[in-house]
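Scroll down for the structure; my scribbles are underneath it.
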Ligand SMILES: Nc1nc2c(ncn2[C@@H]2O[C@H](COP(=O)(O)OP(=O)(O)OP(=O)(O)O)[C@@H](O)[C@H]2O)c(=O)[nH]1
């Protein structure tokens, strides 16, 4: 069900803002819109009835949902807003049951499930469980034990099933993302992952920490394919990635950028450290016997991922340096000149 809502959400282009909005933002806004449409008629009816307290609860909820919509559409921030919406949802539901009695208990079923659309499963489970305990306290003065137990068990089951469903969907989504961003042959990250990672690094909200981008290209790889065949070429690519993994830190990220071209993001590495890393890699590859018949080497271009320039610029600079390394005779490293802050 969560996936179906996500599909509907992603098809609403006007809300999506040309795909600039995250799916989480869109789902939160949709949820608030649906909630306003559901709660507002009741609020107006209570007002017309003269039930001031109930009307205040309902209309306050409507105001909170409206404020959240405006906030999310303007700022794009949804995490705290999602938490607030769930807390208000739960508090509003408890207040309504407290004021109007047992028939209002039906509201807890949609609010229980809604939490899983906008929060991490564990947080939703915690909030729903606390709300259920509060509900037991409120209802205990109205209901005989058996009826109270029936309500608690059914709501508890809805909460548990929704948790399991959301947890399982989360696992599947993460597994899918991992697969989508992995290169099938070598097992390193792919070009899609590189684009996303570079975007993350350019994101202003990340701590200011310069890192370096290395572009590596196998030298004369075409001749390896031509002389020994494509399958041997594939083995060389796989072995190269093993060497790259062995000589980089756990925090560095390796990507297959093109056919025989690889990128490495060296996190938090200044140009000097990145130059040392590139030199280590170049030497390690040349000594690694990627091919039994003859040595295989790489050329490497290095660029500083300066926060004042864009991911596109980092790629252009690293590529230019790679080109220079090739021009300088291959099996060489070249580093882009960088500006002091
Ligand atoms: N075996 C294999 N070869 C690939 C793969 N992807 C690209 N290639 C080959 O990589 C070779 C790249 O050749 P070029 O771009 O001419 O570069 P090069 O021969 O390495 O020469 P320089 O880069 O100038 O040193 C081509 O022969 C491609 O077919 C792959 O997945 N497997």
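Yeah, the Cβs are placed from backbone N, Cα and C, and that goes for glycine too.
Summarising the annotation, TrEMBL assigns domain 'GGDEF' to 209-338. According to TrEMBL, the transmembrane segment annotation covers 26-45, 51-73, 80-99, 119-139, 146-166.
Across the candidate stretches 26-45, 51-73, 119-139, the maximum count of CB pairs under 8 A to the transmembrane segment (80-99) is reached by 51-73. Within its own chain, the transmembrane segment (119-139) has Cβ neighbours under 8 Å at 82-83, 86-87, 90, 93-94, 97-98, 102, 105, 108, 111-112, 148, 151-152, 155-156, 159, 162-163, 166-167, 170, counting only residues six or more beyond its boundaries. Secondary structure of the domain 'GGDEF' (209-338) per DSSP, as helix, strand and coil residue counts: 59 helix, 29 strand, 42 coil.
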